[in-house]
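Noted in TrEMBL for the protein shown:
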DOMAIN    3-119  domain 'Response regulatory'
MOD_RES   Asp52  4-aspartylphosphate
Amino acid sequence: MGRILIIEDDQFLRDLMERKLVKEGFIVETAIEGESGLQKIKKWRPDLVLLDIILPGLDGFSILEKVKEDASVANIPVILLTNLGQRDDVEKGLKLGAVGYLVKAHFTPGDIVEKVKSVLKK
(Lines of atoms letter the chains of each structure in order from A and count residues from 1; the text may use other names and numbers.)
(Lines give C-alpha, C1' and ligand atoms only; values in the text may rest on other atoms or scores of the structure.)
Protein backbone atom coordinates (compact mmCIF):
# COMPACT_ATOMS: atom_id res chain seq x y z
CA MET A 1 0.00 0.00 0.00
CA GLY A 2 2.78 2.41 0.81
CA ARG A 3 5.77 3.14 3.02
CA ILE A 4 5.12 5.41 5.99
CA LEU A 5 7.71 6.93 8.32
CA ILE A 6 6.45 8.03 11.74
CA ILE A 7 8.70 10.51 13.55
CA GLU A 8 7.19 10.79 17.03
CA ASP A 9 8.83 10.69 20.48
CA ASP A 10 5.69 9.61 22.36
CA GLN A 11 6.00 5.81 22.44
CA PHE A 12 2.30 5.13 23.10
CA LEU A 13 1.16 7.31 20.19
CA ARG A 14 3.93 6.04 17.89
CA ASP A 15 3.05 2.41 18.60
CA LEU A 16 -0.68 3.09 18.19
CA MET A 17 -0.18 4.71 14.77
CA GLU A 18 2.26 2.01 13.66
CA ARG A 19 -0.08 -0.85 14.61
CA LYS A 20 -3.05 0.72 12.84
CA LEU A 21 -1.13 1.50 9.66
CA VAL A 22 0.47 -1.98 9.52
CA LYS A 23 -2.98 -3.53 10.01
CA GLU A 24 -4.16 -1.52 7.00
CA GLY A 25 -1.34 -2.91 4.86
CA PHE A 26 1.26 -0.14 5.08
CA ILE A 27 4.97 -0.76 5.62
CA VAL A 28 6.00 1.37 8.59
CA GLU A 29 9.32 2.61 9.96
CA THR A 30 9.64 4.81 13.04
CA ALA A 31 12.05 7.31 14.55
CA ILE A 32 11.93 8.84 18.02
CA GLU A 33 13.99 11.98 17.46
CA GLY A 34 14.71 14.51 14.75
CA GLU A 35 18.16 13.64 13.44
CA SER A 36 17.47 9.90 13.07
CA GLY A 37 14.13 10.75 11.48
CA LEU A 38 15.80 12.97 8.90
CA GLN A 39 18.35 10.25 8.10
CA LYS A 40 15.56 7.67 7.65
CA ILE A 41 13.75 10.01 5.24
CA LYS A 42 16.88 10.31 3.12
CA LYS A 43 17.85 6.62 3.22
CA TRP A 44 14.47 4.88 3.20
CA ARG A 45 12.55 7.39 1.04
CA PRO A 46 9.05 6.74 2.41
CA ASP A 47 5.90 7.54 0.47
CA LEU A 48 4.69 9.75 3.34
CA VAL A 49 5.99 11.09 6.67
CA LEU A 50 3.96 11.62 9.85
CA LEU A 51 6.02 14.25 11.70
CA ASP A 52 5.67 15.49 15.25
CA ILE A 53 6.53 19.18 15.64
CA ILE A 54 8.11 18.93 19.10
CA LEU A 55 10.95 16.39 19.08
CA PRO A 56 14.27 15.85 20.85
CA GLY A 57 17.17 17.19 18.79
CA LEU A 58 15.96 18.63 15.49
CA ASP A 59 12.35 19.80 15.77
CA GLY A 60 9.71 19.04 13.17
CA PHE A 61 10.06 22.42 11.47
CA SER A 62 13.81 21.95 10.98
CA ILE A 63 13.22 18.49 9.53
CA LEU A 64 10.51 19.79 7.22
CA GLU A 65 12.77 22.63 6.00
CA LYS A 66 15.66 20.24 5.33
CA VAL A 67 13.39 17.81 3.47
CA LYS A 68 11.94 20.54 1.25
CA GLU A 69 15.44 21.90 0.50
CA ASP A 70 16.71 18.47 -0.65
CA ALA A 71 15.51 17.79 -4.21
CA SER A 72 15.93 14.04 -3.77
CA VAL A 73 13.24 13.90 -1.05
CA ALA A 74 11.36 17.22 -1.44
CA ASN A 75 8.37 15.56 -3.10
CA ILE A 76 7.65 13.27 -0.11
CA PRO A 77 4.41 14.48 1.52
CA VAL A 78 4.62 15.38 5.22
CA ILE A 79 1.68 15.44 7.64
CA LEU A 80 2.37 17.30 10.90
CA LEU A 81 1.31 15.95 14.28
CA THR A 82 0.57 18.76 16.72
CA ASN A 83 -0.86 19.48 20.16
CA LEU A 84 -3.76 21.80 20.95
CA GLY A 85 -3.03 25.51 20.96
CA GLN A 86 -0.39 25.43 18.24
CA ARG A 87 -2.34 27.14 15.45
CA ASP A 88 0.62 29.39 14.60
CA ASP A 89 2.81 26.31 14.41
CA VAL A 90 0.38 24.58 12.05
CA GLU A 91 0.30 27.62 9.75
CA LYS A 92 4.10 27.79 9.83
CA GLY A 93 4.32 24.09 8.94
CA LEU A 94 1.91 24.42 6.04
CA LYS A 95 3.91 27.38 4.71
CA LEU A 96 7.08 25.27 4.94
CA GLY A 97 5.48 22.61 2.77
CA ALA A 98 3.51 20.19 4.94
CA VAL A 99 0.45 18.79 3.15
CA GLY A 100 -1.70 18.67 6.27
CA TYR A 101 -1.81 18.22 10.01
CA LEU A 102 -3.52 16.19 12.72
CA VAL A 103 -4.19 17.48 16.26
CA LYS A 104 -3.08 14.71 18.62
CA ALA A 105 -5.93 15.11 21.11
CA HIS A 106 -8.56 14.98 18.36
CA PHE A 107 -7.64 12.11 16.07
CA THR A 108 -8.30 8.40 16.23
CA PRO A 109 -6.17 5.70 14.59
CA GLY A 110 -8.84 5.52 11.88
CA ASP A 111 -8.43 9.26 11.20
CA ILE A 112 -4.71 8.72 10.64
CA VAL A 113 -5.35 5.98 8.09
CA GLU A 114 -7.92 8.10 6.23
CA LYS A 115 -5.61 11.14 6.14
CA VAL A 116 -2.68 9.02 4.90
CA LYS A 117 -4.80 7.35 2.22
CA SER A 118 -6.23 10.68 1.03
CA VAL A 119 -2.78 12.27 0.71
CA LEU A 120 -1.32 9.26 -1.11
CA LYS A 121 -4.19 9.31 -3.65
CA LYS A 122 -3.26 12.85 -4.79
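Each Cβ is built from the backbone N, Cα and C atoms, and glycine gets one as well.
Asp52 (4-aspartylphosphate) falls within a strand when secondary structure is assigned with DSSP. Applying an 8 A CB threshold to same-chain residues 6+ apart, the list for the residue listed as '4-aspartylphosphate' reads Ile7, Glu8, Asp9, Asp10, Gly60, Leu80, Leu81, Thr82. The domain 'Response regulatory' (3-119): residue composition by secondary structure is 58 helix, 24 strand, 35 coil, according to DSSP.
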